[in-house]
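Taking it in order: structure first as structure tokens, then the write-up.
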Amino acid sequence: MQRGNQTQVTEFIILGFSDYPDLQILLFMVFLCIYLVTLMGNLTILTLMCVDSCLHTPMYFFLSNLGILDVCLTSCTIPKMLSIFVMDNKRISFLGCMIQLYLLLSFSSVEFFLLTAMAFDRYVAICNPLRYSVIMSKRVCSLLSASSWVIGFLIALPHSLSISYSSFCGHKMIDHLFCDFQTMLQLSCSDNSAIKVLMNTLNLTLAMVCIVLILTSYSFIISSILKTQSVKGRYKVFSTCSSHLTVVSMYCGSAIFVYLTPISESAKSVHKLLDASYSTLIPMLNPIIYSLRNKDIKAALKKGMEWRTGA
């Protein structure tokens, strides 16, 4: 595989939804609102977790990691998308495209590992409550968090390198909203059949490992819930992990639909919109989902608003 990219293609043109010029302003407003809500929601939760000592627990430590991740994930795609919609700035350098591709893959992988770590945290909290503080010590939490970030960024390397060393033969029209791995693979004129099989196998293996670990954690959690005699006790146990289960279901369901559904020419625009929603809507919904059913965050938010009003 020869590296001919940088002599053949120095920049790409991201087409976005150029077939629908009348929708550009509407799309700009929609994704701008999504970005602002994502920033406001995640930064608010991060601030609460920093200033409120009641939120200095393992669960909120992982939630703060998820908040940082969601801000990073949306920031590597939405700003460029907004410039495409409103300023018709469709050009992106080869290096810029490769960086965006790598960051998008990295952040998506890290989210999967963080959700797995959070499932383990919920398992320990519900099934081993007396040993929770011992098992989920600061050292263990830091190790799980750091491992999620490091492994996520390492896993994205083969994907990014395989694209950066492919030839594009002058093809530089990216029919997507950002530099997506599957789209770039189709754009390449190199024989990437072996790479595609290898990458899909790697993705599927890692995804299955995470899903199995999450399902195993929740099988023990459900077993513990069923052993609880009182209805109130069952509801209390279930409410502690319902938000995480909702996010996992959305994330895994969206990922499976986006990456395993074949892209047809007739439904390409719909697939682009769903792909963009997968990387933008879920980060926006995460803080909302975790806040709606969480008494601690509601109490911290109320305390912060009362302090601000009193000041």
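Cβ atoms here come from the backbone N, Cα and C positions, even for glycine.
Among the features that TrEMBL reports, transmembrane segment is placed at 25-48, 60-87, 99-120, 140-157, 206-226, 238-261, 273-292. According to TrEMBL, the domain 'G-protein coupled receptors family 1 profile' annotation covers 41-290.
Count of Cβ pairs under 8 Å against the transmembrane segment (60-87): among 25-48, 206-226, 273-292, the largest is for 25-48. Comparing 25-48, 99-120, 273-292 for CB pairs under 8 angstroms to the transmembrane segment (206-226), the maximum falls on 99-120.
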